[in-house]
Amino acid sequence: MNLDWSVVWQFSGTLAKGAGITILLTIATMAVAVPGGIVLALMRLSPNRVLNWMALCFVEFFRNIPLILLVYWSFYVLPVLSGLTLPPFTTGLVALALNVSAYNSETFRAGINSIRKGQSEAGLALGMSHIEVMRKIVLPQAARRVLPVLASTWVSLFKDTSLVSVIAVGELAHTALEIRSQTFRILEILTAMAVIYWVLGYPQAKLADWIYRKWGVKE
Amino acid sequence: MDFDFSPVTDNWRYLATGLGITLLLSILTVVCSLIAGTLIALGRMYGPTWLQKILTFYIDSQRAIPVLVVLVWIYFALPVLTGVNFPPFWAALLALTLHISAYVAEIVRAGISSVRNGQTQAGLVLGMSPRQVLTKIILPQAIIRMLPSIGSIISITIKDTAIAAVIAVPELMKRAETVSGQTFRPMEVFTTIMVVYFLVLFPTTRLIDRLYDRVSYRGRS
Amino acid sequence: MSNVTEADFGRKNASSTPVVEYRDVRKQYGNFTALDGVSARVNRGEVLCLIGPSGSGKSTLLRTTNALEVIDGGQLYFDGHPLPSSKAEIRKVRQRMGMVFQSFELFPHKTVLENITIGPLTVLGISEAEANARARVLLEKVGLTDKADRYPANLSGGQQQRVAIARALAMEPEVMLFDEPTSALDPETIGEVLNVMKRLADEGMTMVVVTHEMSFARRVADWVVVFDHGKIVEQGPPAQIFDAPREDRTRNFLSHLGWNG
């Protein structure tokens with residue numbers, strides 16, 4: 001077997017750029033999916049049946065289809081629906097955000113539901129307004145339940161960004177697979193790709209564990 | 001906008017066998033991952049220190065690397081290293097099992113540690129050996145407690161098999177790609193199989209939750 | 001084995017080998033001394049009650065009896081032999097002792113009947129028919145014949161604890177250890193458990209009972225041991241402990257509980 005690891009150094013700049021896009025995509029998706037999740041969670045908790053039902057359908061649908069299929073679907077269907085030609089990055093972002101918003105909404109909903117009714121009643125009894133009760137009593141407690149789950153969603157999202165490689169978003173996986181087909185240095189490039197993901201992902205996974213240990217609510 | 005679902009109806013048999021392959025790959029992956037994951041968890045909890053370290057590293061690494069990366073590495077890179085070519089289906093089974101068993105191991109570990117210590121003592125005072133305590137008392141309860149998580153593992157597995165399309169496993173996702181490419185009707189084809197996946201996944205998770213509701217009291221000590 | 005001392009005068013089977021004997025037993029958790037040189041004996045057919053404030057070491061002593069806690073000093077004898085240190089030998093000893101926990105610890109994935117048969121089946125290796133027959137007899141004894149096929153989750157606390165007693169008896173133990181068996185129970189179900197224990201005592205079972213139920217200790221115990229700060233404050237027949245305690249600390253403890261004879 002002749003291996004030539006120099007190919008990894010030769011393309012290190014390209015790979016680094018791909019890794020940068022992976023990280024950017026992760027951040028951008030979360031930036032959309034956190035507000036998205038909150039809106040969906042509030043819809044789910046609202047007394048309005050229509051809002052409630054719409055949010056439920058959204059959440060259950062996007063949690064129960066493969067993400068890679070959603071990526072393809074967004075790539076082919078979004079331009080038709082919107083009449084716009086979207087760049088692959090945006091398309092990938094939309095697909096990821098739809099998926100992660102659905103998950104986040106469940107995270108937020110569980111967080112808010114976990115606060116016992118007595119807690120908000122105690123706040124109301126002190127003369128606080130509903131908004132004050134939400135801000136000062138419910139949300140801080142909910143944050144302790146939400147944060148660890150968000151952290152683990154973050155790690156999953158970081159890995160899931162690799163799936164948008166199938167629509168040629170130039171993130172790490174796509175970049176590496178491209179270099180592979182140019183150079184035929186299959187083992188070297190694919191191993192390098194795995195190692196880069198590991199180097200980036202391992203500390204994130206450990207950080208998520210740490211947040212869980214520090215913040216997680218044990219029952 | 002005009003819709004034409006004839007590509008789907010014309011190729012329904014082709015797509016349906018794809019669904020069959022999706023389900024077969026899912027079932028095999030879940031079974032293999034449950035077995036491997038349980039062994040990994042037991043090794044991590046009760047094995048010698050060096051084994052615990054290796055397994056912890058393995059689990060954390062799988063949590064850090066995307067399943068797509070594992071798939072393409074096993075399918076494309078491993079043959080370069082070993083000289084043995086796996087057919088796509090078996091490469092996918094291997095890669096998915098490597099990945100998902102790490103998650104199963106974490107679930108099994110959490111399940112076992114959630115059974116409280118008094119149960120172990122109750123077994124020990126009857127004169128049971130640690131192995132008997134584990135197999136007769138702890139594991140059965142842990143498995144019941146793990147049911148909801150196993151439900152999500154099944155769901156994740158079915159969804160992850162779609163990623164095997166990138167190494168050309170002829171499962172539902174891959175076949176949808178083929179049909180849509182040949183007929184230039186991606187919207188209809190992908191929308192249809194999206195609904196199909198939903199119809200498989202949604203009842204599966206619901207069924208497991210329902211089952212858990214019925215037996216959960218047997219795991220509550 | 002050990003000579004009859006003045007303190008043992010008049011105790012049941014005082015002249016024969018005690019079932020359990022603690023000699024200067026010590027147990028340490030870090031800086032905390034849980035047992036600070038405890039000596040006591042449990043004679044055959046005797047009901048010995050361990051009483052004292054929470055954290056005084058009485059449960060710890062009970063748990064050293066079957067090596068759930070390993071002692072750091074002193075000696076422990078079971079049936080005249082030192083408690084073995086090998087795991088296999090400990091298992092043999094445990095098979096001859098029954099234990100009942102404060103929190104029942106029934107196996108939730110097993111029916112009531114299976115909870116009682118699991119010990120004999122897995123450890124003693126007797127036939128299923130024999131184990132079932134034995135379990136039915138015990139269920140009748142604890143008054144739960146109709147619950148054989150229920151799961152623990154469907155029983156009240158008192159019923160669960162009675163099953164736990166039957167589970168321990170199924171091993172046909174020589175001594176029964178009770179670790180605050182009624183502390184986790186609703187007040188209205190405490191009586192049914194104490195009644196089962198009383199009947200067991202009347203049949204001549206050797207029992208060591210950690211309890212806060214003073215009237216039970218007064219009525220059923222043959223010998224009462226009072227604990228405080230890891231040491232035995234006083235031991236004697238219930239009439240002495242409850243009616244004429246010799247130590248101030250015994251008197252204090254009892255009066256804190258509202259005991260006034």
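Here, residue 1 is simply the first one shown, and the rest follow in order.
From the backbone N, Cα and C atoms, a Cβ is placed for every residue, glycine too.
As written in TrEMBL, here are the features:
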DOMAIN    B:19-208  domain 'ABC transmembrane type-1'
TRANSMEM  B:20-43  transmembrane segment
TRANSMEM  B:64-82  transmembrane segment
TRANSMEM  B:88-108  transmembrane segment
TRANSMEM  B:146-169  transmembrane segment
TRANSMEM  B:189-208  transmembrane segment
Among the ranges B:20-43, B:64-82, B:88-108, B:189-208, the one whose Cβ pairs under 8 Å to the transmembrane segment (B:146-169) are most numerous: B:88-108
Top Cβ-contact partner of the transmembrane segment (B:88-108) among B:20-43, B:64-82, B:189-208 (pairs under 8 Å): B:20-43
Sequence-remote partners of the transmembrane segment (B:20-43) [C-beta within less than 8 Å, at least six residues beyond its ends]: 51-52, 55, 58-59, 89, 92-93, 96-97, 100-109, 112, 150, 153-154, 157-158, 160-162, 164, 169-173, 200
